[in-house]
Amino acid sequence: MFCSKKKSLEVERIVKANDREYNEKFLYKDNRIHTSKYNILTFLPINLFEQFQRVANAYFLFLLILQLIPEISSLTWFTTIVPLVLVVTMTAVKDATDDYFRHKSDNQVNNRQSEVLIDSKLQNEKWMNVKVGDIIKLENNQFVAADLLLLSSSEPHGLCYIETAELDGETNLKVRHALSVTSELGADISRLAKFDGIVVCEAPNNKLDKFTGVLSWKGSKHSLNNEKIILRGCVLRNTSWCFGMVIFAGPDTKLMQNSGKTKFKRTSIDRLMNTLVLWIFGFLICLGTILAIGNSIWENQIGNQFRTFLFWNEGEKNSVFSGFLTFWSYIIILNTVVPISLYVSVEVIRLGHSYFINWDRKMYYSRKATPAEARTTTLNEELGQIEYVFSDKTGTLTQNIMTFKKCSINGRIYGEVHDDLGQKTDMTKKKETVGFSVSPQADRTFQFFDHHLMESIELGDPKVHEFLRLLALCHTVMSEENSAVRNPEGQIKLYSKGADTILFERLHPSNEDLLTLTSDHLSEFAGEGLRTLAIAYRDLDDKYFREWHKMLEDANTSTDERDERIAGLYEEIEKDLMLLGATAVEDKLQDGVIETVTSLSLANIKIWVLTGDKQETAINIGYACNMLTDDMNDVFIIAGNTAAEVREELRKAKENLFGQNRIFSSGHVVFEKKQSLELDSVVEETVTGDYALIINGHSLAHALESDVKNDLLELACMCKTVICCRVTPLQKAQVVELVKKYRNAVTLAIGDGANDVSMIKSAHIGVGISGQEGLQAVLASDYSFAQFRYLQRLLLVHGRWSYVRMCKFLCYFFYKNFAFTLVHFWFGFFCGFSAQTVYDQWFITLFNIVYTSLPVLAMGIFDQDVSDQNSMDYPQLYRPGQLNLLFNKHEFFICMAHGIYTSLALFFIPYGAFHNMAGEDGQHTADYQSFAVTMATSLVIVVSVQIALDTSYWTVINHVFIWGSIATYFSILFTMHSNGIFGLFPNQFPFVGNARHSLTQKCTWLVILLTTVASVMPVVAFRFLKVDLFPTLSDQIRQWQKAQKKARPLRSRKPQTRRSSSRRSGYAFAHQEGYGELITSGKNMRAKNPPPTSGLEKTLYNSTSWIENLCKKTTDTVSSFSQDKTVKL
């Protein structure tokens, strides 16, 4: 391994079939894959190296080293090493477990069996033993072991069919075909064994849709392209067998080349915590400096009086040097302000939140048995701070199940139904469907209502027959698809199907009249929300085609400007097409899309739709999803073809939006991070009314240029709805990056296909929908589920809860550790700045990992301010997360001040009470050990009462953890202060008998009670007045929940489910026709629901529509709780 030759950078690959010895000289990689990071020997050093690259772990290791220096450490080493070892061990176990499963997966793949042609016979070999140049036999439904050059197959002309879902997420089958010279080899093992062709091709790369190479065999050269290659990860379908030659193996395959590292995503809270930790470290340095200066002064003025008693020689201890040592001693003592358990607790809480998402039955899609899945555990709280959602359309908002609805053939529309008077009527299931019993292969579930199409077929209409023949032969759904075929009469025809914007440019001039008529039909189809493709053909002369095909072969085998020459040849043949017509298919909206979009909009989440569909379809989608309404003030359409046109259109749109009174500069606005936030927030407040922006892909390309993009962003962010149509996957990612960079907002991208992967990876949070287009989007996502409607629950319930819980956890954690640690600072002024600790060393060790760890974890994992249903019903509850109100620098300083106040009470109340105080037995109780036990007990009780006040949602676990932690404290306290353990370890447990002596004194418990009351009562009073005088929406809903619970303790209320109208499904995107107005009015929903009985329901029931109901829930809640309160965020 270590003695092997170093391989130089590969420029091109040369592979000879059936010759391992020849190929080995190039040092090509074998077919073994390694996705694991460690092995038995490297795990410990590499894992420890990785862990101590983290600043927190390195910091605590540094403290441990300091504690090993006797001159500066007043704490024994175990106070730091115990939690550090615990954290490092837990992380190592987690990493080892993850890597074990990676090893297991690697072994499972590497040990798969494949038939390899070795020594003129087929032998079963493990995948990891396959070499470059080997010939492999594949059978139907078998995974492809490596990137292969297809040689022959069981199908005519060397064809085979593959499924590429593992590569690009697409489930439709792809066709691959072998060269005619190799397809003749068939399954003849002897001929295959003699095959000695040499392939010269591109070096390994990650381009899935491109391959260039040349096969040299028997003195001839044959060009190779992507159609001749079967990639690893594909599955052979509908093909009995095929043979292939290994070109790329193992890590060199395109599948593995695409499995690069995913960008590590961090939440805004993570970034804030890092900043706060640096601030706290600076704060510790300040405290240590103050105490060090105090020590130097004390040693200089007072300390020399004690040197006679301590047997120090004169001048042996310098006061400045003593202060220097004291500085490091206090850095060690005060480091518990940020304990290492903080990072462990954060990860545990995030893990719990992830499991809640995975276990949520309301996000489980029973039709496909697909649960929601949190594919990462580090981003949960950021789900509660989303401001922008970027959504794909097909398969995300829609079902991605295409149903043939209409077509235009030779200027006539088929698919419409007319009544006896010749008027167009709606198609319903009551109408008689067209029977296709004449064809035994017809789809029995397909319904078509226009009998004229069948009549035209039976009458032998040549255009209709040609139209359907083209659909049968050219059936891969792409933006443009061409097929050249020869009919039984020997005539060669070029069949073409694609987007009208591309195809219409290549028509013969004689199609002008038909083009006009078909364009009108396409606009009509798009207006009904149908997806369209244009259909055309061309008759090719036999001689011309042979000459063209010869030039194509020459271009394929060339090495210079190969792609340009091929593209030019295709442009040459794809012209003078004859238009046949167009198809129109329906892609229905998913259930719950309208409700989800409306609810997210009320939560002030802006939804941008990024789709590849044409403008008409995009507009109709907007109306169907309730993103666009007739009540909007204006809908801006940007369709310029040049940068100047786009800039001018954006300028006019902004003038219209802001009015003529506001003057805009002709240039662009330069956004700085702080300035942009201030400017945008002011500008957004001045904009009144609802606006929408629709922009085409070619205009977006110009708008994303450096001198225009800020104008685009300013306008788009002022609009309620933004729809980008005809956009490429790259443009989707660019739009997301634009908002991330200049708006400083948390973004979420959601999609279901391979074309959404770049957008999903660019956003702060990526969501994949496991739909009809494979798993590529899911595999690249942070969260996944089966339906768009689950996004509402993911954000408004799980995201909001995670954010609230994490903020409450951090506030409490910093508070309790400031209260716990700063007592040492006050004690320093009374102990000669000697760095003596107030508490027993074992209490310092166990405080964060035993006495207070579980209650705060229970709150961080289980707490709910309001129920999940109320979180859905009142989307405005989501607003504090977007504004980052619950944990920020201001809240941190409040927690810090709270902790400082509590530390003052914890120290000075017992100190004052114990001054010249005697116990009930007349003995003096103001000794150091009694003082330490009293303060420690007071601290445990105070922080337990505080977390009880912070807990909004009580479970059995909360009770057990809080009461159990207090009981555990007393159990350990009495054990460590017992005579038995002192007899075993006298040096480690010096507080013998103190707990029994101190805690049997009534005066001690009175001091503990007084300290607890003084620490907690200001918090109770402040929160009572705040909730009573300035209640938030969350406070009001929580009070209403309590009132409802008391009023109906025994009554269980069944959740009402809204019936989805079947009538809507026939008009997936209908705007001008259909039932959109009826749906939004709510008239078709109220009749089935019984009137509500009381309370908040009555208020909402009297609204005019379900959308208004939802709006009123978020704006008119005041009357449901109190008449005179002001709703505040």
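A Cβ is built for glycine as well, from the same backbone N, Cα and C atoms used for every other residue.
Where the annotation comes from TrEMBL, it is an automatic prediction and has not been curated.
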Per TrEMBL, the transmembrane segment among 61-85, 711-735, 961-985 spans residues 961-985
Same-chain residues at least 6 positions away from G612 (ATP binding site) with a Cβ under 8 Å from its Cβ, in sequence order, are K393, T394, G697, C725, R726, V727, T728, N755
Near the Cβ of D756 (Mg(2+) binding site), how many other Cβ atoms are there if near means within 10 Å?
32
In Å, how large is the greatest distance between any two Cα atoms among D392, K393, T394, K497, R531, T611, G612, D613, R726, K732, N755, D756, the listed binders of ATP?
25
Counting CB pairs under 8 Å, which listed stretch among 318-344, 809-830, 892-911, 961-985, 1005-1025 touches the transmembrane segment (276-298) the most?
318-344
Does the transmembrane segment (809-830) make contact with the transmembrane segment (961-985) through 3 or more Cβ pairs under 8 Å, each pair 6 or more apart in sequence?
no
Select the range from 892-911, 961-985, 1005-1025 that forms the most Cβ-Cβ pairs under 8 Å with the transmembrane segment (842-862).
961-985
Considering only the recorded positions D392, D752, D756, which residue has the minimal Cα-Cα separation from R531 (ATP binding site)?
D392
Alpha-carbon spacing, D756 (Mg(2+) binding site) to D392 (active site, 4-aspartylphosphate intermediate), which is rounded to whole Å:
7
Between D392 (active site, 4-aspartylphosphate intermediate) and D752 (Mg(2+) binding site), how far is it from one CA atom to the other, in Å?
8
Return the average pLDDT for the domain 'P-type ATPase N-terminal' (15-81) as a whole number.
84
